[in-house]
Amino acid sequence: MSDNITPKTGKTNAIIEWIDYRLPVFSFLKHFSHYQTPKNLSYLWNLGSIAGIALVIQIITGVILAMHYTPHVDHAFDSVEKIMRNVNYGWLLRYTHAVGASMFFAAVYLHIARGLYYGSYKAPRELLWHIGIIIFLTMMATAFMGYVLPWGQMSYWGATVITNLFSAIPLIGKSIVTWLWGGFSVDNPTLNRFFSLHYLLPFIIVALVMLHLVALHQHGSNNPKGIDVKSPKDTIPFHPYYTVKDFVGFGVYFIIFAYFIFYEPNYLGHPDNYIPANPLVTPAHIVPEWYFLPFYAILRAVPSKLGGVLLMFGSIFVLFLLPWLDTSKVRSANYRPIYRIAFWIFMADCLLLGYLGGQPAEEPYITISRFAACYYFFHFLVALPLIGKYEKPLPLPEEL
């Protein structure tokens, strides 16, 4: 019997070698399993893998939902309700996709916060950081278009408000808005193109994630101490050590995910989106999804439409400049006492902006939003360069 098994194994190996010589997919997988990683990574380094799992879930559920969705203003709302009532486990698919978007953004926001704290944007990882911010921007575009598809009141008026922002561009703004709408108002052509782009953009995100991984593997992961790996004893193979650690993170992630799907599926949404879109009735309070609220607060903080648009886009663009705005040679905030305080003040400011973005556009929220928006830019444009110049960091360790 053992004589029968041995040739079969050899034949299998020969086939694998033949394929791998022409298409090195098995060598690629082997590289991942033997990839050397800093030995002191904490659970915060699980967030990249968790975001990857969230992206896969969004693509799978999105493709299946698209099979039952009708991108037409007369049928979109009803098709979503049909998915909820008549499609087998349609309610589960829709809630998984809707909650999954929030979970995806939560993982990415924590991933970005970890990068800010440990200086993962510093040399030689500038391009790694830039690709990550491009992924974040693409996610925002995808999520916005997806929010329009149910064609409820918030969907319609959210699309109207956000697309109208482009009208603030001098000379060509109105033409751009008409081009985006495919007509003179948000209507069927708008819904069709948003559906098409919402289907396309996740696959562009996958391509960007591949680039992100290539950039990551070029210089390896940063670590909590923020120092470079100096010897092989500072590293361990990614598998099995960090794959096991990732599975622990996945377990926690899916417990939280399942809680929202089965117990609070609409907690992060807005009840007005269960009302069919009506161009003649404006909601009392137009609110975007929670993950857009800090930027929405910055947009509303400025009376001028053009000024608000510039600040809103500037609040994201400033992240591209971060590798050069932070002048400190030390990466990790663990060894930067002043920056560590500034970081947590900045985190509190972002949470405050998120809260203010969900409040009505009235006093005192507008005034507080202006102060919070000012501090947001102060942190990047003033505090970081000055802290890096004058801060005295703690002594760095010699090894991990």
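The backbone N, Cα and C atoms fix where each Cβ goes, and this holds for glycine too.
The following features are taken from Swiss-Prot:
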TRANSMEM  47-67  transmembrane segment
BINDING   His97, His198  heme b b562 binding site
TRANSMEM  98-118  transmembrane segment
BINDING   His111, His212  heme b b566 binding site
TRANSMEM  131-151  transmembrane segment
TRANSMEM  166-186  transmembrane segment
TRANSMEM  194-214  transmembrane segment
TRANSMEM  247-267  transmembrane segment
TRANSMEM  306-326  transmembrane segment
TRANSMEM  341-361  transmembrane segment
TRANSMEM  368-388  transmembrane segment
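Secondary structure at His97 (heme b b562 binding site), taken from DSSP and collapsed to helix, strand or coil, is helix. Nonlocal intrachain contacts for the transmembrane segment (306-326), taken as residues 6+ away from its ends with a CB within less than 8 angstroms of a stretch CB, comprise 112, 116, 119, 121-123, 126, 129-130, 133, 136-137, 165, 168-170, 294-296, 298-300, 373, 376-377, 380-381, 384-385, 388. Here the Cβ of His111 (heme b b566 binding site) has 21 other Cβ atoms within 10 Å, regardless of which shown protein chain they belong to. Contact count against the transmembrane segment (341-361) (Cβ pairs under 8 Å) is highest for 368-388, out of 47-67, 131-151, 166-186, 194-214, 368-388. A Cβ distance under 8 Å defines the sequence-distant neighbours of the transmembrane segment (47-67), meaning residues of its chain 6+ beyond its ends; these are 83, 93-94, 96-97, 100-101, 103-104, 107-108, 110-111, 114, 146, 195, 198-199, 202-203, 205-206, 209, 246, 249-250, 253. Outside the transmembrane segment (194-214) by six or more residues, the chain places 52, 55, 58-59, 62, 66, 69, 71, 128, 131-132, 134-135, 138-139, 141-142, 145-146, 148-149, 159 with a CB less than 8 A from a CB of the stretch. Separating the Cα atoms of His212 (heme b b566 binding site) and His198 (heme b b562 binding site) is a whole-number distance of 21 Å. His111 (heme b b566 binding site) and His198 (heme b b562 binding site) have their C-alpha atoms 23 Å apart, to the nearest angstrom. For His198 (heme b b562 binding site), applying a Cβ distance below 8 Å and a minimum sequence separation of six or more within one chain yields Gly62, Thr142, Met145, Gly146, Leu149.
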